[in-house]
Amino acid sequence: MNGDEQNKKKLRSDAMFGKINQFVTLQKDETAKYNSLFTKVTESIVSILKEKDEVFKKYYRNTMYAGSFYKQTRVGQPKEFDLNLILCLPDIDSVKIEKGRPGFAKIKFDERKISSVWTEHKVLNKWLDSEGYLDNGKLRGWFEGMVKKSLNPSEKNSNKFRIYSKDSSSPLCEAEIKKSGPAFTLIVNDGSMEFAVDLVPVLEFSQSPPLSNFEKLKEPWHLVPKPLKNGDVPNQNWRYCFYHYEKEMLKKNGKVKPIIRHIKKLRDTQNWSILASYYIETLFFHVLSKNDFDQNESQTRLLVYMLKELSKAFKSGLLNYFWDKTFNLFGELTEDQIVGVQNRLDKIIKEIEADPTTMTQYFLTKEEQKKLKEIEEKEKTQPKKEVNVDKTNGLSSTFPLIRETKSEKNKKIIQESENRETSKNEIKALKEMVLSLKAEFKDFKNSIKQKPIDQTPETEGTDEKEMKKLLLLLINEVKQLKLNVGRLETKIDQTNEQIKNIKSQSTFFDVMETGVPLLN
């Protein structure tokens, strides 16, 4: 057995992956608490902006909840939320989208055909430059001023203000305004928890962007007014945003999400600040698009595979933006920054391949490692738990079932979901058989009508007998098929109930990773 085969054998078990996952996965109760307050804050803020500013009220269309939290790739507490406020400007459906800088586009209006509002309105008439391009700096400046003015800090010379819910005169929480890039960040605090909300104005489009590798889907895409400091006409360039497409890609390949979260956890523990979350996700987009991700492998082996892909990207100094290969996301990183992370990463990969039990010392902080040891010591004093058998590779995990229930539940949910889909497909096939039999009977009936009438005694009544025989056969077949359909529908109901029972004990991401919708 060569070295590669030995390493693969060592990486079959997901025991260490499961241990680390305890410190990565968001808990359902905690997530619900943050999400509840965030939803109320969102409703309140949008309501205030619409009430205070006529331009926003007229051109605001809806809200897009974005970011790693809604992609289910978030690590740690849900303390950051992205809130994209979609604006629908006059004549936006007839604009020309032109190529801008790599990763960016320009929005060109035909000044001969645009509505008079662009020249007559005291706000909008400032947003187009002399060439008819929408100026992202001007729109962003309006947005920032509008937010500051509308939210109206409770005290002078303060960026803090109170947020009220619709149904109460008591403050829901307090928020503070901070500026960061194209976003306006609100630091929300209700006394028991704190999180950040990035407010970003975005424009929505349904026409195809000027990108060669773009495959049109049903969902729209967006442009964001990201500020640029240098280069030609920076205010004409708008950053692409394909959030719906990226979310769908991850949804179709659910097994990648925990691996993305583990790499983000490694980054946080190792303090690799140069490795943005979006860079990690982009690496996965490239691998998924090439079908290089074998989801039948253990998560540990897939994790090591993706760490090696990350190392390759660092060595080449190249990580292309998935939607525009001319844009290198690593372009602004220095060689010293890249080399330092790459050397450390290569050492970690080598150590894990040699001994997977070393994973915890790289992925977990000292405090988390200590907590894990306490958990393991406590388990030693308790009655022996059932050992979780990893059905994907036939090996028993050395990690007790009590700590692998999340993974096991996901497997059960996926299996029951697959059973449900199989039953649905069987029902579909049976119904198609019924339709086929009906069509066959109809064709036979038509053929009888088209035959010349034979008046000889020998053949008289033969066609009627054949039709009755076929009709009887059809009736019996339909009865049997209906019985089968009923049996399968009962089986689906039972499967739904089993999934519901499993989910009632699951964490937020245990459910969401499977892609199985919550059942009422």
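Each position is counted from 1, following the chain as shown.
Cβ coordinates are placed from backbone N, Cα and C, and glycine is handled just like the others.
Quick look at what Swiss-Prot lists:
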type: BINDING; residues: SER68, GLU80, PHE81, ASP82, LYS264; note: ATP binding site
type: BINDING; residues: GLU80, ASP82, ASP198; note: Mg(2+) binding site
type: BINDING; residues: ASP198; note: GTP binding site
type: BINDING; residues: LEU288, ASP294; note: Mn(2+) binding site
Check the Cα distances from PHE81 (ATP binding site) to each of the binding-site residues ASP198, LEU288, ASP294 and keep only the ones within 10 Å.
ASP198
Looking at the binding-site residues GLU80, ASP294, which sits with the largest number of other Cβ atoms within 10 Å of its Cβ?
GLU80
Expressed to the nearest Å, what is the distance separating ASP82 (ATP binding site) and ASP198 (Mg(2+) binding site) at their Cα atoms?
5
LEU288 (Mn(2+) binding site) versus SER68 (ATP binding site) - Cα distance in angstrom:
18
Which three-state DSSP class does PHE81 (ATP binding site) fall into?
strand
Tell me which of the binding-site residues ASP198, LEU288, ASP294 ends up closest to GLU80 (ATP binding site) in space, Cα to Cα.
ASP198
Structural state of ASP198 (Mg(2+) binding site), classified by DSSP into three states:
strand
In whole Å, note down how far the CA of ASP198 (Mg(2+) binding site) lies from the CA of LEU288 (Mn(2+) binding site).
29
